[in-house]
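Engineer: I have a structure I would like to understand better, so I am pasting it below and will then ask my questions one at a time.
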Amino acid sequence: MSKRKAPQETLNGGITDMLVELANFEKNVSQAIHKYNAYRKAASVIAKYPHKIKSGAEAKKLPGVGTKIAEKIDEFLATGKLRKLEKIRQDDTSSSINFLTRVTGIGPSAARKLVDEGIKTLEDLRKNEDKLNHHQRIGLKYFEDFEKRIPREEMLQMQDIVLNEVKKLDPEYIATVCGSFRRGAESSGDMDVLLTHPNFTSESSKQPKLLHRVVEQLQKVRFITDTLSKGETKFMGVCQLPSENDENEYPHRRIDIRLIPKDQYYCGVLYFTGSDIFNKNMRAHALEKGFTINEYTIRPLGVTGVAGEPLPVDSEQDIFDYIQWRYREPKDRSE
């Protein structure tokens, strides 16, 4: 998944950008995931609010905006800034850790270790490539490209290449491009492809060739340019749309391809389509109805709370039907 969220271009873009910056600090520096989730949820809710927010009290009426976040909104609206963020930006260690985590492959712990060794900038990283693993070196190599959002038009062209090449190999393959793209987003951070085939189920033996054949085909047509990692069920790499001429090359983009057993495919499609908050709400509703859902299965809960056998699923609609929830099109899941 993409490391960066799109800058907000909504009525309340200043507020949502502030909350996203706070969220990233809590995740990357403080490693306080509960605060990260709280800021992200508030940012997501405010981004969809159809009016310009004039006070923290107004924001607090929205689900997911508590007293502390409302106070920060009041301060931001009154002064145009936030003291906490100013302090974070002025703290060399915090800002360096936050920056390094934007490099694909560098997580918060690795970033802190690098900063402790005095490595704080892209230039520092380039001088110390021997300290980086293969994944991180590729992240550094394409840093500027990976920072750019992928316009929907480009994603549609990328999708055409992937789906056409997959069907050429074997019409029985099923592939879906998930993430915010499937929810109709105007731009994406990366490309997340789910893949399945009738020959691969949760009961059968592993079928890594089903994934590797697709990767090799996409390399053959020069769509996949680099490999970050290639396992039995997941490929992580880099892709690039072919261009008409060398002068107007498309940026390199991150791509993940996951091979999922056919009987678990639609639970996977639902999960990887998101959004995170929509998934949490759906899981909570499922529990109320006596089911447990994850990225693999939906299972009924017995009276003791122990999950039973996975239920058969042949579409996303089946999952909604089991938990008696109105079906929501992917475009209506961006909570």
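Just so you know, glycine gets a Cβ as well, placed from its N, Cα and C.
Per Swiss-Prot, K(+) 1 binding site is recorded for Lys60, Leu62, Val65. Summarising the annotation, Swiss-Prot assigns Na(+) 1 binding site to Lys60, Leu62, Val65. Summarising the annotation, Swiss-Prot assigns K(+) 2 binding site to Thr101, Val103, Ile106. What Swiss-Prot lists as Na(+) 2 binding site is Thr101, Val103, Ile106, and the listing cites similarity to another entry. Residues annotated as 2'-deoxyribonucleoside 5'-triphosphate binding site in Swiss-Prot, with similarity to another entry given as evidence: Arg149, Ser180, Arg183, Gly189, Asp190. Marked as Mg(2+) 1 binding site by Swiss-Prot: Asp190, Asp192. Annotation source Swiss-Prot lists Mg(2+) 2 binding site at Asp190, Asp192, Asp256, citing similarity to another entry. Look at Swiss-Prot and you will find Lys41, Lys61, Lys81 tagged as ubiquitin cross-link. The N6-acetyllysine annotation in Swiss-Prot covers Lys72. What Swiss-Prot lists as region 'DNA-binding' is 183-192.
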Engineer: Do you know the mean pLDDT across the region 'DNA-binding' (183-192)?
Structural biologist: 95
Engineer: Around the C-beta of Ile106 (K(+) 2 binding site), how many further C-beta atoms are within 10 angstroms, looking at every protein chain?
Structural biologist: 24
Engineer: Where does Lys41 (ubiquitin cross-link) sit by DSSP, helix, strand or coil?
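Structural biologist: The residue in question, Lys41 (ubiquitin cross-link), is helix (DSSP, three-state).
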Engineer: For Asp256 (Mg(2+) 2 binding site) and Lys61 (ubiquitin cross-link), what Cα-Cα distance in Å is obtained after rounding to a whole number?
Structural biologist: 38
Engineer: For Val65 (K(+) 1 binding site) and Lys41 (ubiquitin cross-link), what Cα-Cα distance in Å is obtained after rounding to a whole number?
Structural biologist: 8
Engineer: Please determine which of the recorded positions listed here (Lys61, Lys72, Arg183) has the lowest count of neighbouring CB atoms within 10 Å.
Structural biologist: Lys61
Engineer: Check the DSSP secondary structure of the residue listed as 'N6-acetyllysine', expressed as helix, strand or coil.
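Structural biologist: The residue in question, the residue listed as 'N6-acetyllysine', is helix (DSSP, three-state).
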Engineer: Rounded to a whole angstrom, what is the C-alpha distance between Arg183 (2'-deoxyribonucleoside 5'-triphosphate binding site) and Leu62 (K(+) 1 binding site)?
Structural biologist: 22
Engineer: Compare the Cα of Lys41 (ubiquitin cross-link) against each of the binding-site residues Val103, Ile106, Gly189, Asp192 and report the nearest.
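Structural biologist: Out of the listed candidates, the nearest Cα belongs to Gly189.
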Engineer: Out of Lys81, Arg149, Ser180, point to the one nearest Lys60 (K(+) 1 binding site) in space (Cα versus Cα); all of them are recorded positions in the record.
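Structural biologist: Minimum Cα distance from Lys60 (K(+) 1 binding site) across Lys81, Arg149, Ser180 lands on Lys81.
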Engineer: Which number gives the other C-beta atoms within 10 angstroms of the C-beta of Arg149 (2'-deoxyribonucleoside 5'-triphosphate binding site), all protein chains shown included?
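Structural biologist: Result for Arg149 (2'-deoxyribonucleoside 5'-triphosphate binding site): 19 other Cβ atoms within 10 Å.
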Engineer: How many helix, strand and coil residues does the region 'DNA-binding' (183-192) contain under DSSP?
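Structural biologist: Per DSSP, the residues of the region 'DNA-binding' (183-192) fall into 0 helix, 4 strand, 6 coil.
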Engineer: Where's the emptiest Cβ shell within 10 Å among the binding-site residues Thr101, Ser180?
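Structural biologist: Per-residue Cβ counts within 10 Å for the binding-site residues Thr101, Ser180 bottom out at Thr101.
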Engineer: I need the CA-to-CA distance for Thr101 (K(+) 2 binding site) versus Lys72 (N6-acetyllysine), whole Å please.
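Structural biologist: Their Cα atoms are separated by 25 Å.
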Engineer: Could you tell me the C-alpha distance between Lys81 (ubiquitin cross-link) and Leu62 (K(+) 1 binding site) in angstrom, no decimals?
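Structural biologist: Their Cα atoms are separated by 22 Å.
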